[in-house]
Each structure stands twice: as structure tokens, then as C-alpha cells.
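Everything on this sheet refers to the single structure shown next.
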Amino acid sequence: MERITVTLGERSYPITIAAGLFNEPASFLPLKSGDQVMLVTNETLAPLYLDKVRGVLERAGVNVDSVILPDGEQYKSLTVLDTVFTALLKKPHGRDTTLVALGGGVIGDLTGFAAASYQRGVRFIQVPTTLLSQVDSSVGGKTAVNHPLGKNMIGAFYQPASVVVDLDCLKTLPARELASGLAEVIKYGIILDADFFTWLEGNLDALLRLDGPAMAYCIRRCCELKAEVVAADEREAGLRALLNLGHTFGHAIEAEMGYGNWLHGEAVAAGIVMAARASERLGQFSSADTQRIIALLERAGLPVNGPCEMSAQDYLPHMLRDKKVLAGELRLVLPLTIGKSEVRGGVSHEVVLSAIADCQQA
């Protein structure tokens, strides 16, 4: 069992990583006998894990209710959020309740925002079941729902009480979802850790076949990097913005194409290549490094071009609603070398449009 701490003073919390955690009541820190829980999951995961997690919590003396939501990015909405509030109020659950998010990024983000909002804040625990949520979205306290005009536009910074990463969940993950998570994994190497990127080049095949030791190391390293960044910059005033490499372009794809048509990691993968192309055009990133990124993304089964249905101009309205925009000026996360990146303002629309055009599908 691996345990990593996200260090935030009194709000510090553990990330527990191992196989078989759903069999151990002690995994679900800080729950104890007599606590009340609302377990939030979706229609796809409920048949796989709901009874197992409910059973282990009930054996520990925890009182468990549950709400099952529809599955998909398109349901990360205010309407579905209200379903969680209604379930909490009907029981009823008070301020001493704990929400448990059993699912991927959609369930984690939505449940976290419900916890931040319900009765002005209740405790919640992240139990991520996808690679993407295990390495990224479950750690750091970003919670949100989408708006038709933009992704994650309605939300809050609200840290979980703990994160429980059961590696066995990856055995039921569809191949497309595994690839989507690998986009965020590869991102960490590009922005923060050149050695990790090189390790990924040598071990990607092992990850694709769900090799246990390789996957455990991969998830641990990503969580270590994320925990370090969050501890240094919880509310994204500077360093944490680097974690958004590819996301300004990627969120534009998700919003324009309709939430759920492109998986988040797929859109981010294409966005990473667009960011690399923009950095190339600014003379600060080598074409050789861009090709290394493209090669690794393609080996993971990820797109390296944007959707053919979108023109370069279609991206800009969405990008200008990005949360990093200041005083109407676009700010992009751009790679400088493999393992180092920056947030750069003042990038001309011409450079942005040219970078997107470089990545248009035929």
C-alpha cells in the first residue's frame, strides 16, 4: 500500500493507493462507526462496485445511502447536481454527513461541488475508478459542473477528506477510457518531469496491458507530482496552472463538439499537440520534442489532431472564456522542453490559429 499526503495544513489529506482497497474498511479514512454517508455513483459503475463498497462500509458500522446518476460528461450539469441535493434532503442528511464519490472525473467533480455547496460545506471522500480520475481530477480540490458555454465554469476549490485509489478498478475500464487517462499521465511528464516522460516511453506497453507494478508506479508518480503542485499553489495563482497544458484547446473541443463526444483525455491530447505547435511557432520548443509527444500519444491510442468538424476559428470563442484569461488576454500553458513549461500571455491569435491549423484532421 502506498500513501501520499497532500500537505495543506489542517486540510491535509491522504491518497491511498493499492489493489483490493474496497475490501478494507480502514481504506476509507476518516470514516468511523456511526457516520452517515451518501454514496454517489453512476449507472455504469453501480452494478460493478456499489454493493461492494456499501458492504465494506456497513460492516464498519457506517450508515450508507446512495444515489445513482446517469453516466457521461453531458450529465455533469446543474440539473443532475440538483438530483444529489434532493437525495440528501429527502433522507435527510445534515452537516455531519459525508459524500463518497465513487466514479470517474464526472462523478468526482460533481460530488465534490455538491459537498462544497450542501449546507455550506460537508465532508467528502474521492474514490476514483478511472485512470484519469486516479492520477488527476480526484486530487487537488477542483470541483465543478459544466455550462453549455464552457466546461467547469460553475464550481469551487474544495478539498476532499481523503482519496482512495483501488487499482483493481482499472480491470473493468474500457480501452478508450484507459487511453483518455494516459493523456493526463503523459501531460505530467511534459510539464514537470522529463525522467518520467522517458520512463513512459519505455513502459507504455506495460501500462496498456495493465501491468500491476508499472501501473502502481505510474499512478503514484502522478499523484506525487500533483500533490506537490497543489501544496505549493492550491488555488491556481501560478504553478498549478501548468497542469492545464492542452486544456485551453481541449475544453474548446469538448464544448464545441458536445460534452461526451470527445472524451476529456482525447481532447486534451489534441490540445497538448496544439500547445506544442504554438510553442514551436514562438521559437521556444523543438520540432523533435513535438514529435516525441506525438509518438507517445499515438502509441497510447490518442488523437493528435482536432476534429475535422471544427475550423480554427471555432476554437477562439471558447478559449477566450478560459479561466486563465486575464483582462481579455489569452494565456496559454506552453512547453519549453520536455519536463519544463510556462504560462504565457500575449500569444497572438495568429499564432494560436496557425497552431490549430497545424493539427487539423484531413
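The count begins at 1 with the first shown residue.
Cβ atoms here come from the backbone N, Cα and C positions, even for glycine.
Marked as NAD(+) binding site by Swiss-Prot on the basis of sequence analysis: 71-76, 105-109, 129-130, Lys142, Lys151, 169-172. For Cys169 (NAD(+) binding site), the same-chain residues that are 6 or more apart in sequence and have a Cβ closer than 8 Å to its Cβ are Tyr49, Pro128, Thr129, Thr130, Gln134.
Under the three-state DSSP scheme, His247 (Zn(2+) binding site) falls in the helix class. The Cβ of His247 (Zn(2+) binding site) lies under 8 Å from the Cβ of Val268, Gly271, Val333, each of these being in the same chain and 6 or more residues away along the sequence. Summarising the annotation, Swiss-Prot assigns Zn(2+) binding site to Glu184, His247, His264 and lists sequence analysis as the type of evidence.
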Rounded inter-Cα distance in Å - Gly108 (NAD(+) binding site), His264 (Zn(2+) binding site): 14
If you measure between the CA atoms of Gln74 (NAD(+) binding site) and His264 (Zn(2+) binding site) and round to the nearest Å, you get 12
Sequence-ordered list of residues in the chain of Thr172 (NAD(+) binding site) that lie 6 or more positions away and have a Cβ within less than 8 Å of its Cβ, or none, is Leu48
Neighbour count first, Cβ atoms within 10 Å, every protein chain included; then name which of Asp71, Glu184 tops the list of binding-site residues. Glu184
If the Zn(2+) site is taken as the center of the Cβ atoms of Glu184, His247, His264, which further residues of that chain fall within 8 Å of it by their Cβ? Leu132, Asp136, Ser137, Ala183, Lys187, Gly246, Gly250, Gly265, Ala267, Val268
Within 10 A of the CB of Thr130 (NAD(+) binding site), the number of other CB atoms across every chain shown is 29
What whole-number Å value do you get for the CA-CA distance of Gly105 (NAD(+) binding site) and His264 (Zn(2+) binding site)? 9
